[in-house]
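Over in TrEMBL, the protein carries these features:
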- 12-31: transmembrane segment (TRANSMEM)
- 37-58: transmembrane segment (TRANSMEM)
- 65-82: transmembrane segment (TRANSMEM)
- 88-111: transmembrane segment (TRANSMEM)
- 118-139: transmembrane segment (TRANSMEM)
- 174-196: transmembrane segment (TRANSMEM)
- 226-249: transmembrane segment (TRANSMEM)
- 282-301: transmembrane segment (TRANSMEM)
- 307-326: transmembrane segment (TRANSMEM)
Amino acid sequence: MNRSVLKSWEAMLAVALVLELVVLGLINPAFLNIENLLFSTSDFVHVIICAVGLTLVIMTGGMDISGVSIMGLCSIVLGLGFVAGVPIWAGVGLALMVGLGAGAFNGSVIARTDVNPLVITLAMLFFYAGVATGLPTLLDMMGFAVAGAGGFEAYQYEGITGLPKSFTWIGTGALGWVPVPLILTLVIAAAATFAMHRTRFGRFLKLIGVSAEVARFTGVPVTRTLVTVYALNGLACAVAGLVLTAYFTSARSDLGAEALLNIITAVVLGGSSIYGGQGSVLGTFLAGLVLGYLRQGLLALGVSSDVVPVIVGGLLIGSVALRIGTGALAARRANRAAYEAERAAVGGNG
């Protein structure tokens, strides 16, 4: 998908978003209330934040499906630190470091082996989820003390509540009519867009996605770039996990576990090529809005929550098929134009 086609795809997503809101608004007029539209994004901005990070990864031709487990791991790290008496913002810093480190570890393994990134991150998906679930028990075994008769293990399957308002504000607060989670998402998306289009790092991502071997021969630090991009993805997932924790005012090890399908769909529907070398943060952002509002609209109409993933999965299949068809059509037009140009040149020489 070339740049012009990608721009057209982004325009199509924008139109689809407007049409979706209009249709849902006609069915339920309360849906089109601007305040409702803005604050309802807090339900799904964690998906967009993770999808933005994954967009950068997919630009390299890679994949990382462990992000949903990193969200839960960072959430429970924050919560356990809080009940152990760690200042909340120190806990936030620790959780962000855990996400960054988890992503960097993924990138290090992927960059130094020939194993498919999907296989590696599938293993890490279960590993990080297991660590998040078992961390309270591990801390008890290591002798760390916490108030209460049950120790850390009492929080293994229960949400950790009572988080200070100074922290939960990032999930429930607002600046004027704009919720803080949406502002954070816009800042992250803007930073990712700048990095992708205005920095050497962004050019490295695209070159690696086209061909890692060619990129290496041209002097691109492939290993360092891959470790960095996976680390940034882990950091994005950590931010998403903390925003979700603040929104629900509760830290849990399984927070965000159901978001994987929506994250991948937002990236692919947003215009990123699963083969690498092509991606759009704007497209991912728009696709995330389309999916988020679609889910809310369907649930408001009484559609079962069990049916919504089926519809999202259908959108994923449809977007891939449409992407392939669009790419094939663009290639056919390019070949046709080249043929006509060559034919005209031959005719002129004759």
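Any Cβ shown, glycine's included, is placed from N, Cα and C.
Keep in mind that what you see is a predicted model, and the values were worked out from it rather than measured.
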Counting Cβ pairs closer than 8 Å, which of 12-31, 118-139, 226-249 has the most of them with the transmembrane segment (282-301)? 12-31
Stretch contact, the transmembrane segment (88-111) with the transmembrane segment (174-196), Cβ-Cβ under 8 Å, 3+ pairs: no
